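This report refers to the structure that appears directly beneath it.
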Amino acid sequence: MIFFSAINFFYVAFIAALLVLSVFSICFILLLRFKSRSSRHLQNFNSLWTVRFLFVIFIILWSLTEVLRLPSFRRFYLYPLFPRLTLPQQANFCKLHLVLSLGFFEPGFLIILLFLLDVSVKKTTHKSFFSVFYVFASCLPLFLLQVYFVFLGGFKVRLPQPFHRTWFIPDMDHGNEALVFCDYPLLSTILFGLFGVIFILCFLLSFWKVVSQVINKALKLRIFALALTILIGLPLQVLLMGMSAFWRPDKPTYNGIAVTVFLITFTFAAVGEGILVIKPIADSLAAAVALVEQQPLRENGQGDDESSSPPPPAEDGLTATKCDA
């Protein structure tokens, strides 16, 4: 009981920290949206504010589904306030969590991460509608496959239990007050792994394209940090999820693996918000402030030298300017 309490506290603490970071990111996005109405310098950079906002929303929704997945959290915090779910309802909840987490929310914010990295070196400004449509269309195949295998049964061939087990009831907890533990079936992990292979290939292409055009060392360091997080974390996440299918969810080994998988996705989200949302918006706002401060000097003829020239207009990407901010 103490072990599970520590695990629950760990999850809740990290999810709360990620939610705070996400709210902070939303504040930055809305501040940029407000400032861009009166600043020409910020208008191009603000063109994809809806995509960044959707990126943060996907992370928030993933965080909430993760905390609701915890059986002890449901027992102590949800059931006193809401009607208790029956065992079939809890089992369907685990299936819904699996489809949303591995089929929509995590793939969604990973695809947006890739999209923001890719557009950072493009000269054209994407329309918000096209960008949002691109994200949802990219998520749709994996989402439908997860629905098919999790809710509709998938193959007609009878597979071993680890391939299709989405929920589990401990041996000592089969009464009316039983809690259902959610699990990662091997089939869903294989589908997510296929998505991961395609994602990493696309990420590598965008990564080398961006790095070849970036000359600022600090920006290049941030891009390498993002690439290192993705290229190491995503294969490790898929590997650990596949391994977890061979342990029962009430075992300490499984919980250790589940915590590591959670931390990997948490790192994706936190690093993505820091590098693709907070830092570039902060740079862009700082550049806009510098532009306003230089305006009186130029009007008085004191800003003709190269050192006082205004920064170029900010555009969508990793920083206030595409290559040398």
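Yeah, the Cβs are placed from backbone N, Cα and C, and that goes for glycine too.
Keep in mind it's a predicted model, so treat the numbers as computed, not measured.
These come from TrEMBL:
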| type | residues | note |
| --- | --- | --- |
| REGION | 298-325 | region 'Disordered' |
| TRANSMEM | 6-32 | transmembrane segment |
| TRANSMEM | 44-64 | transmembrane segment |
| TRANSMEM | 96-117 | transmembrane segment |
| TRANSMEM | 129-151 | transmembrane segment |
| TRANSMEM | 190-211 | transmembrane segment |
| TRANSMEM | 223-247 | transmembrane segment |
| TRANSMEM | 253-278 | transmembrane segment |
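Between the transmembrane segment (6-32) and the transmembrane segment (190-211) there are fewer than 3 Cβ pairs closer than 8 Å, counting only pairs 6 or more residues apart in sequence, which means the two stretches are not in contact. Taking every recorded stretch in 96-117, 129-151, 190-211, 223-247, 253-278 and counting its Cβ pairs under 8 Å to the transmembrane segment (44-64), the highest total belongs to 96-117. Outside the transmembrane segment (253-278), and at least 6 residues removed from its termini, the chain residues within Cβ reach (under 8 Å) are 3-4, 7, 10-11, 14, 18, 21-22, 24-25, 28-29, 52, 55-56, 59, 62-63, 66, 106, 109-110, 113, 116-117, 184, 222-223, 225-226, 229-230, 233-234, 236-237, 240-241, 243-244, 247, 318.
When the stretches 129-151, 190-211, 223-247 are ranked by Cβ pairs under 8 Å to the transmembrane segment (96-117), first place goes to 129-151. Below 8 angstroms of C-beta separation, residues 48, 50-51, 54, 95, 98-99, 102-104, 107-108, 111-112, 115, 164, 166, 185, 187-188, 191-192, 195 of the same chain, each at least six residues beyond the ends of the transmembrane segment (129-151), sit close to that stretch.
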